[in-house]
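Structure record follows, encoded as structure tokens.
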Amino acid sequence: MVASFSWRLLSPRFLGGFVLGAAASSASCVAALQLYDKREPELAPVAPEEKDPLEEYGFPLTGTEARQYINHALAYDPAKRTPKWVIEHLSRTKTVGSADRKHCKFKPDPNIPKMFSATNEDYLGSGWTRGHMAPAGDNKFSTEAMAETFYLSNIVPQNYENNAGFWNRMEMYCRDLTKRFEDVWVVSGPLELPTSHEDGKKRVTYEVIGADEVAVPSHLYKVILVREKGSEQPLAIGAFVVPNSPIGFDHQLPEYKVQLEDLEKMSGLLFFPQLDRDKGLKPLCDVDSCRLIQLHEFKLYIAARRVGGARNLQKLERILSELKEEGITPDGYLLDLYEKKRKEFSLKSGTDRDERKG
């Protein structure tokens, strides 16, 4: 029996099984040791991060972060209830269309907290008009975009003659630039500039209006950047500062030209910060006329707007009659509008007669 057992012990099958078993056992041990070595180390408890007492309840919010709308963006000054700056992009396609300001109303911006917003009542009886920084006329392509320009976050108290006159002519000039340039960017805003007093000191003082004490600016500014079709780099830039007071038609835009750096010092703003100013950027008035329309041209423009809004033939005829009394000859554009409107009234009158007969 011993011999039989010895034979079995020395048999290849037994030895092979032993070797395989031993190898498997050894492998299992090695694997176990490896798994043991790979165990996640026990982490020491992390002490809670100490908060700086300065930050415990947050820093004051200025409310001047940029707010974006369909075709303009702005930074709002909640203390003065006016914008600090308003930027817009103009192109030929945006300044034409069927959008009409008669469907728009001035109202508080729903994005501005009520406690920081101006209201229409602030302007009522104040002697100041509600002056657009991004004008409604730059958004003929979209009724919604035009309506957003009537938010009071885009409005400053403005002298009536300035708003309807020189500032309006500046806005018209910006729109006219889209006929000569592919892209036009305009940044507009209010300024409260210091004045010298008898004691030799300079002071910043400004009127406030209404229960919300909306700040009346002493000056207004525009920065105009233009780019030609097919170009990646803008061609020219111009900066202008005008007083918030009447300016007659005998004045032209170059009279109010300032260095961009000077305006940046006045406003505390850096305009177009991603613009490379070293790449051959030219002064706007060197590459374009900077010419604002003259009085007779302006009256033709106003007459054309009145023709479009005329509600009967009598009012339509009166518009042309008043122009002739002032010695102004209607241009082709105005006469075309007049004829189109007159035909509309004639057609409506004929339809009304037919309905009465029926």
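The backbone N, Cα and C atoms fix where each Cβ goes, and this holds for glycine too.
Swiss-Prot has this to say about the protein:
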ACT_SITE  H132  active site, proton acceptor
BINDING   N163  divalent metal cation binding site
Structural state of N163 (divalent metal cation binding site), classified by DSSP into three states:
helix
Nonlocal residues around the residue listed as 'divalent metal cation binding site', in sequence order (Cβ under 8 Å, 6 or more apart):
T129, G131
Same chain only, sequence gap of 6 or more: which residues have a CB within under 8 Å of the CB of H132 (active site, proton acceptor)?
T149, F150, N154, I155, E171
